[in-house]
Amino acid sequence: MKFVIESLTKNSGRLGRLHIKDGAPGQRTPLLMQTTKGGSIPYLSADVFESHVTETPQLLELTLSTIDHMSEALAQFNSADRGLSDYIGFPGHLNVLLLRDPCETTPAGGNDRDIQPLFTRRGKESLSPKRYMEMVASLRPDIYQGLCDADTNAESAKKRVQKSVDRTEKFMHYIYEHKSKVDSTLLAPIVGGYNTFARTQSIKHALEQPSGSYGGYVFEGFHTNGLSATILDASKLLPIVEHCVGQLEEEKPRMVPGAYTPLTTLELIGLGMDLFDTSYAYCAAVNFKALTFTFVQDEVVHVPFLDITDDAIKEDFSPLLKNCVCLSCQKHTRAYVHHLYKTNELLGPILLMVHNLHHYMAFFEAIRESIARDGLPQLTELVRRQNGDSQVDYSIAPNRKVISKATMGKGFAAAAV
C-alpha cells in the first residue's frame, strides 16, 4: 500500500491518494469507506448500490464480528484471481477488515489476559492473536487492523485504559512477528482512551517496529461504537487526536472508524485524519432520519435531519431534500417514505439508505474540493451553524416509536404509539 500526500495545509487538513494494491485505482483522501454488515451494504443489494448509489469502485469496510463465519469457506474460495470482495458479491472493490461493527454498540467487558472478546451474532467468541491471524489468512483482506483492546471511552478508569494499552502491545507483538504469513497491509492500532500518556505509549510501540511493518494507523478506544460516537464530546476528543497526530509521520494514512457527526468529522479532517466510514449514514437511516444538512453555501437556514416518522410530512409531496439527485429524491416524496414507515415496508429503509449514502458521499466530495482551495474552515463553519445563529445538534437519538400490528397497513389513518 502506498499513500501520497497531494496537498497539505495548516488549516484545511490534507489531500492524498491511497494506492492499496497494484492494478487497482487510487482512492482520494479524505476517503469515505462503505460500512458493511455481513459483507453487504445494509439494506442494499450490490446491484442497487452500484446502479443507484455509485458506479465508482469503493473501499468496503468489513468487520470480523459480522463475517467471522465466512473464514472457513473463504479458505477454499480464495485464489490468485479471487478474493474477499469477489466472495461477497463486490468484484472490483477493495476492502479493509476491522474487528468491531461501528454501527452497533460493542458490549463492555469479557477481556482476558491472552484473548480479545469478539461479539458476534452467535455470542461472544474468544480471539487469540494466533486465531486472529489464521482468520486473516483465510479471509485475505486487502487491509486489516491489528488485534487490539479498544474497550474504553471518556468514562474509562485509568487502570482500564492502561490495561487496554498493555494488552494491545502484547497482541501486536505476536501480529508483527507473524504478519509475513499474510499478504495484506496491516494497520497499527493506536489505543489509550482519552489519556495522552497512554496514547503516547501506544504510538511509541508502533514507531519502534522496523520500517515497513505496517502501512497506516487506526485510532480506536474513543467510543463504544453505534450511537455513542454521535454524542461524544468533541472538546475532549480533538485535543487527544491533535496530541497523537503530532507524534506520527506524515506519509502514513490515519483511520478513525465510527459514526462521528459531520461536524466532528470535519474537525478530525482538519487535524489530519484520512479515512472515515458511512456508519453515521446507516445510524441515521435505521432511526428513520434522512440527512438534510447542507454543505453548499446559500442563505437558507437548514436542519440536519428530516424525521420521517413525523406526521407533519404525511401530505408533503416534496423530495426528502430539495435539489438532491439521488433515486429516492428524484422518484419519491416525503409523504411516500412516511407511508412506508407507517406500513412497515422494507422499501422505507432502502430509500433512506440510498439517500443518506448519496448525500454523505457528496459531502465528502465537497470536503475534498474545499481542502483543495484551502477552504475547510469555511465549510466547517457552514456545517456547524447551517446558516443559523447557534450550533446544530447532529447527535442521533434512538427512535423509540412503535407501530402496533393493529395500525399496520392503515397508512395515514393511524398514528404510531
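Cβ atoms are placed via backbone N, Cα and C, with glycine included.
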Exercise for the section: For the Zn(2+) site, Swiss-Prot lists CYS324, CYS326, CYS329; sort out which one of HIS223, HIS243, HIS355 goes with them. Expected result: HIS355
Completion exercise
Excluding CYS324, CYS326, CYS329, HIS355 themselves, the Zn(2+) site's Cβ centre has within 8 Å the residues PRO319, LEU320, LEU321, VAL325, LEU327, SER328, GLN330, VAL354, HIS358, HIS359
Exercise for the section: Would you count the other CB atoms within 10 A of the CB of CYS326 (Zn(2+) binding site), including those on all shown protein chains? Expected result: 22
Problem - Candidate with sparsest Cβ neighbourhood (10 Å radius) among CYS324, CYS329, the listed binding-site residues - result: CYS324
